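A.B. asks: My questions all concern the structure below.
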Amino acid sequence: MNGDIAVFAGNSNKQIAEEICTHLGIQSGKINLKKFSDGEISVKIEDNVRGKEVFIVQSTSAPANDHLMELILIMDALRRASVSSISVVIPYYGYGRQDRKVEPRVPISARVVADLIEVVGLDRILTMDLHADQIQGFFRVPVDNLHFAPVLAEYVNTKKIDDLVIVSPDSGGAERARAFGKKVNGSLAIIDKRRPKANVSEVMNVIGEIEGKNCILLDDMIDTAGTICKAADALLKHGAKSVYCAATHGVLSGEAVDRINSTQFSEVVLANTIAIPESKKINKLKSLSVAPLFANAIQRIHTNQSVSTLFD
């Protein structure tokens, strides 16, 4: 990798940024990030970046508003420093779940965030497993939406799990589960959540054969973990031999870690798109690095090669 490229990291996930730089064979750019006494964010780029192709690594994870503002200010600082191009690497795109109007008088926040980022000025977005594919259309610049599935499939295949069933926790994720099942030679099951009538507990029906099988619950993220833990209990109740869980983004809000710990998961596998604090690291959680995938994409973008092969 030549000296015409620079990678800068915000505070949201410095570890993945450092791993990306290691795979690229470069040092991360020097940046001074701090807060003034009133909470305003201060940004100063310490390196000469004139004419460089710049990549900014920043997940808009919690605290989402701080990390989003930090990203925008880093972009502006670099643009004013006369870089040749800016590509933003957002491993986890916060506000992605608010991708449409679900009731009157609410914003489409995923689009608003896209507008905020784009108005500052950038050339490309590189992200992973957007909550909704249509978010790519909220930007006018190219968006490369990488997938955790190839990294996860490689890990699952090394475990050599017999009688494997890939389970979608809802009907919306069925296609994701089906596609992943082909990579690991697993069959498909879907959990159908129904509420028989008002004020009656939700019933989880399992569609597919899971009795005596090893199940992997597959989702794009784990937030409070309520859904996946209830789904795991339902699978075990229906005779599953074991239950694993795999998701790209470990948001892990509220009591998520406690819920996971008290549920009979054999293992919960996450990508490292969001930095997990030490207080939330438990034995059941397994983190897989997607830094090599992002580094490969960055290298291909830098050398004008196709990125599409990374989507397989």
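Think of each number as a place in line: the chain as shown, counted from 1.
A Cβ is built for glycine as well, from the same backbone N, Cα and C atoms used for every other residue.
Feature list, courtesy of Swiss-Prot:
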ACT_SITE  LYS193  active site
BINDING   ASP38, GLY39, GLU40, ARG97, GLN98  ATP binding site
BINDING   HIS131  Mg(2+) 1 binding site
BINDING   ASP170  Mg(2+) 2 binding site
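Each of the listed features needs to be described in terms of its position in the shown structure.
C.D. replies: In the three-state DSSP assignment, the secondary structure recorded for LYS193 (active site) is strand.
Secondary structure from DSSP puts GLU40 (ATP binding site) in coil.
Summarising the environment of HIS131 (Mg(2+) 1 binding site), the number of other Cβ atoms within 10 Å of its Cβ, over all protein chains shown, is 19. The secondary structure of HIS131 (Mg(2+) 1 binding site), as reduced to three states from DSSP, is coil rather than helix or strand.
Look at ASP170 (Mg(2+) 2 binding site): DSSP puts it in coil.
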A.B. asks: Tell me the Cβ contacts of LYS193 (active site) under 8 Å, same chain only and six or more apart in sequence, or just say none.
C.D. replies: ASP170, GLU202, VAL203, MET204, ASN205
A.B. asks: Sorry to bug you, but what's the C-alpha spacing from HIS131 (Mg(2+) 1 binding site) to ASP38 (ATP binding site), rounded to the closest Å?
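C.D. replies: Here the two Cα atoms are 34 Å apart.
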A.B. asks: At a 10 Å cut-off from the C-beta of GLN98 (ATP binding site), count the other C-beta atoms across all protein chains.
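C.D. replies: Step by step: centre on the Cβ of GLN98 (ATP binding site), count other Cβ atoms within 10 Å, giving 18.
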A.B. asks: I'm trying to understand the geometry here, so how far is the Cα atom of GLY39 (ATP binding site) from the Cα atom of HIS131 (Mg(2+) 1 binding site), in Å to the nearest whole number?
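C.D. replies: Answer for this pair: 30 Å between alpha carbons.
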